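Feature annotations, reproduced from Swiss-Prot:
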BINDING   C23, C68, C71, C74  [4Fe-4S] cluster 1 binding site
BINDING   C187, C243, C395, C399  [4Fe-4S] cluster 2 binding site
Amino acid sequence: MSRLSRALQLTDIDDFITPSQICIKPVEIDKARSKTGAKIKIKGDSCFEESESGKQKLNKVEITLQDCLACSGCITSAEGVLITQQSQEELLRVLQENSKKKATEDWDNVRTIVFSVATQPLLSLAHRYQIGVEDAARHLAGYFRSLGGNYVLSTKVADDIALLECRQEFVERYRENENLTMLSSSCPGWVCYAEKTHGNFILPYVSTTRSPQQIMGVLVKHILAEKLNIPASRIYHVTVMPCYDKKLEASRDDFFSKTNNSRDVDCVITSVEVEQLLGEAQRTLSQFDPLDLDWPWSNVRPDLMVWAHEKTLSGGYAEHVFKFAAKQIFNEVPTNELEFKQLKNRDFREIILKKNGNTVLKFAIANGFRNIQNMVQKLKRGKVSNYHFVEVMACPSGCINGGAQIRPTTGQHVRELTRKLEELYHNLPLSEPENSLTKHIYKDFLDGFQTEKSYELLHTSYHDVVSELSISLNINW
């Protein structure tokens, strides 16, 4: 097998997939009937089928990201899929190819390489290499520039816009039907689970606001491309994320622009993959020259590049939307820091706003699939409809404990590591999403706030994969 992200290599797969496995992306299988049995033997890196008529080499099974997104066999399946376009191996190949084109002055085919880095991987890298979070961002910029990157960006502006869109969407939904629960949509593991397991029952509850990763893709492939006066297809956009499922999200057909003939995000690498790349280079992050992150959005550059969004650890959706809705709908402005009440476990918490003795807003945070499954079952029984908004994340403790964050050192417990990352996060400055930059982007590039263009670029739709599966069962093999 070619060298892929070690955490993503297949560990258990049968090379022969038959229709009995009910793949909803079936391929025609040319299988000749045999009167005698056959044995499959594995020799070296190849498999052979042996029978009385001789032996033949079996074709290697190939699974694409699109197959994975459409498959009903798993939930967060990124760890078990042979990924060919979403690995550090592919990233290095593109960078080397780009370097060769520069050397031969093939300028028409040279691509602009843009890296967008989320906050959680910076926390993970800062802890791993024992440096400050802002320092980690600057050393990472130096590392990516040494590989051939042209721009290294923070995802802060995309995080800001995602919160602005989500809060406005909630207020509109609440005013139309205050009894309809709204579920956050920034976690692709949760979205895949909703589409593949519960389909049309759950999808009307899910927010249509794109995740910060995909909003960043819009900013890079539309706004930055326009500023640089180059086609979006000439930009190779790489994001650095805390979660393998972000690779699946970037590969959705919904995030391929036919107008630009380009994906909004071309490649996703993760915290642990950055650590692997540095290990293979036998370097530590701090050994690379620190460089400023780029800020192509305006002439006014912020002093700091790494920010927190509220005090919760996955983008601050529940907290930010709660405060905005309290003010916008009920003219209530919470003066103190919000305190979420822990329920059955630390990954399920709620907060309530009361007015005149009545509960008018009830929000929750549900992290981890145990809590998600319980929440969905309550929705089906009509027992969770009193929640107006639920921030849903597939990983326990949320994105800060994403499945692709750097692993604990020997002898260190996951909870201890998560606690240290939480401390780093809580020491970051707080971002106010409604700022001069986001106002500038809405005004100059999105035709204003709540316009047709802003909705087209900042929102998405979902697919009832459960129904697609039932249709596929009627295929004649």
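Heads up, the Cβ atoms here are built off N, Cα and C, so glycines get one too.
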CB-centroid shell, 8 A cutoff, [4Fe-4S] cluster 2 site C187, C243, C395, C399, site residues removed: G189, P242, D245, S314, M393, A394, G398, N401, G402, G403
Cβ packing number for C395 ([4Fe-4S] cluster 2 binding site), 10 Å threshold: 25
C399 ([4Fe-4S] cluster 2 binding site), number of other Cβ atoms within 10 Å: 26
Assigned element (helix, strand, coil) containing C243 ([4Fe-4S] cluster 2 binding site), judged by DSSP: coil
Assigned conformation of C395 ([4Fe-4S] cluster 2 binding site) - DSSP reduced to three states: coil
Tertiary neighbours of C187 ([4Fe-4S] cluster 2 binding site) (same chain, Cβ under 8 Å, six or more apart): S211, C243, D245, S314, V392, M393, A394, C395, C399
